[in-house]
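Engineer: Pasting the relevant annotations from TrEMBL:
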type	residues	note
DOMAIN	444-518	domain 'Cyclic nucleotide-binding'
REGION	615-637	region 'Disordered'
REGION	667-688	region 'Disordered'
TRANSMEM	48-68	transmembrane segment
TRANSMEM	80-102	transmembrane segment
TRANSMEM	137-156	transmembrane segment
TRANSMEM	168-187	transmembrane segment
TRANSMEM	208-228	transmembrane segment
Amino acid sequence: MNPSELQRFAVSNRFTRFPKSFSLRKKVPWWYKILDPRSRFIARWNRTFLYACIVALFLDPLYFYYPITGDKACMQTDWYLGVVVTFARTVADLFFLFHMVLKFRTAYVNPLTRVYGHKELVTDPHLIAKRYLKHDFIIDLLATLPLPQIVIWFVIPAVKGSTVAQGNHTISLIVLIQYVPRLFQIFPLQRRILKTSGLITKTALAGAVYNLCFYMLASHVLGASWYVSSIQRQFECWRITCRREMNRTHSPSCKPAYLDCNLLDDPARQAWFKRTSVLADCDALNDKNDFQFGMFSDAFTDHVSSSTFSQKYFYCLWWGLKNLTSYAQGLNTSTYVGETVFSSFICIAGSILFAHLIGNMQNYLQSSTARLEEWRLKQKDTEEWMNHRQLPPELQQRIRRFVQYKWLATRGVDEEAILRDLPIDLRRQIQRHLCLDIVRRVPFFGQMDDQLLDAICERLVASLNTKDTYIVREGDPVREMLFIIRGQLESSTTDGGRTGYYNSIILRPGDFCGEELLTWALMPTSNLSLPDSTRTVKTVTEVEAFALRAEDLKFVSNQFKRLHSKKLQHAFRYYSHQWRAWGAAFIQTAWRRYRKRKLTMELLQKENLYYTNIEQDDDEGEEQRVGGSSSSSGNRAQISTTVLASRFAANTRRGVAKKIAIPDSDSLKMPKMFKPTEPDFSTFQDEN
């Protein structure tokens, strides 16, 4: 395609829609990608490969149980065991092979950049391969090669004239040689895991089990080695006896091939077996024989070699565990050099491994009980201090109850210390997770926006209180607001010690106390002195709550003007127990004032009716006495009399009203209930 055609093609496909998976950047296949050694995948793979290595170390000694002997003075192989172990070993080798491939594609830190703390990664595949070939490639290759499988299924069948004994010696030697690089491959792997994650196991119990597995692995290897050594020791006795019978004086003569179970059906071998003394001379129960089995005699006296695989395996495991823990003190060795060397190795390995096991398990178990022991020491110090100060028994019991409750609630963990060591963003997220739902339960805070709630949650601290503890007393300065999570509080007031006045309520989860502090924080002209509490707050049960200190609340109120809105002001008045108590008292006072006025009006109406009747009676009597006076003079006298009577009645009513009101004022008067101090909201106008 020439340039002109290419340009036309581009113009014609200018508005062509490509699929979402289309990208101009060429995608790199996963097998060409360079992995970061600090990535999560590498961390998980290292841990998985560590467990695979431990399983492989358990599998390799199973080849030692490959030979079998019986009462026919011959040796044979357990082919079924060979197939099972070969399959399991091949699967384990695939893990080793994949680990080698990952090392070719895993970057490494440039050593020159470690001086400056930058730690740049080298991602060049050629440099990675060159470094790996120089350092760990040989050990990994020796640990990965399937040598036992090749020897068992290819080499031994291909060699003509090979016997079972020769194959047993070859397999045992190869397994021991390859066991060394596989064992030493674990140590750098553990260091890498500790460098990336900081620990091998997450719990103390898992750490103890991990160290116990290595001790059991050592017992497993020693038991399998003891079994294969006992088989070889018995075969050596048979070989020596057979060599003595390989002469013309003994008929039929012994051949080394007769010690192989493949010739059990050979007539010459059957004739030799009927007249040979190989079983009597190699009997471990006969102490008069010249050949001494020493520490391997238990394998034949207990018929271990002719038992099933499960019986044989667990007996050998028990033998290795017993002698490893007892430092080979119960072994009866002969003068054979191999026995003495093997016994010495068991003694040294047992002392080292047992000390390592006890030390590590003690560390792991102590880490799980360290806080409990610390709490016990603190409790002991508290008891000694209380006895030294001679505190009252009731006070001592309250202190013990608080220490016990704090331990059950926190398990000795200092949450504030943990949060202080974390970054600000993590602290904010943790506090939001712990406190946001609890703060939203408070109806007053449920009407705030998320930004204001985050600022409040960030400054909340945990508070624990036992039963019958006074949070604050009436008249004391309020230092914190308390938001209840669990438990109940009793909030009561006497209105400054007023006689005959008492108000009490129960605060439950979702309620709060210390609202005087919010009023104080919202005042722009608030001084340094804290507000006095108008209520006494006491715990009814064990209480777990979050506290908001005075300085934190003042900071939030200064930074977020949204807290000054009229909407929140009305919500605060509605949900505040102090305002509710004031409202109830105001209604009660208004009701009593109304009843008092109503009673006074009723008395006045009765008095008016009484004096009106008296005036009417006086007027009628006056008219009867005057009788025949003229109409003009009678009218003037009547008018003057009416004026004087009205003045007298008015004066009389005033005096009666005062006389009635004064004696009853003490019984009807309601002391004033002052309204709580209101903050000055004039500095901020609500946008709504």
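A Cβ is built for glycine as well, from the same backbone N, Cα and C atoms used for every other residue.
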Engineer: Per the definition of 3+ C-beta pairs under 8 A with sequence separation of 6 or more, do the transmembrane segment (208-228) and the transmembrane segment (48-68) touch?
Structural biologist: yes
Engineer: Six or more residues out from either end of the transmembrane segment (137-156), which same-chain residues have a Cβ under 8 Å from its Cβ atoms?
Structural biologist: 60, 63, 66, 82, 86, 89-90, 93, 96-97, 99-100, 103, 162, 167, 170-171, 174-175, 178, 181-182, 184-185
Engineer: Who are the long-range neighbours of the transmembrane segment (168-187) in its own chain, taking Cβ under 8 Å and residues 6 or more past its ends?
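Structural biologist: Result: 50, 53-54, 56-57, 60-61, 63-64, 66-67, 75, 77, 139-140, 142-143, 145, 147-148, 151-152, 155-156, 221, 228, 231-232.
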Engineer: Do you know the DSSP helix, strand and coil residue counts for the domain 'Cyclic nucleotide-binding' (444-518)?
Structural biologist: 16 helix, 28 strand, 31 coil
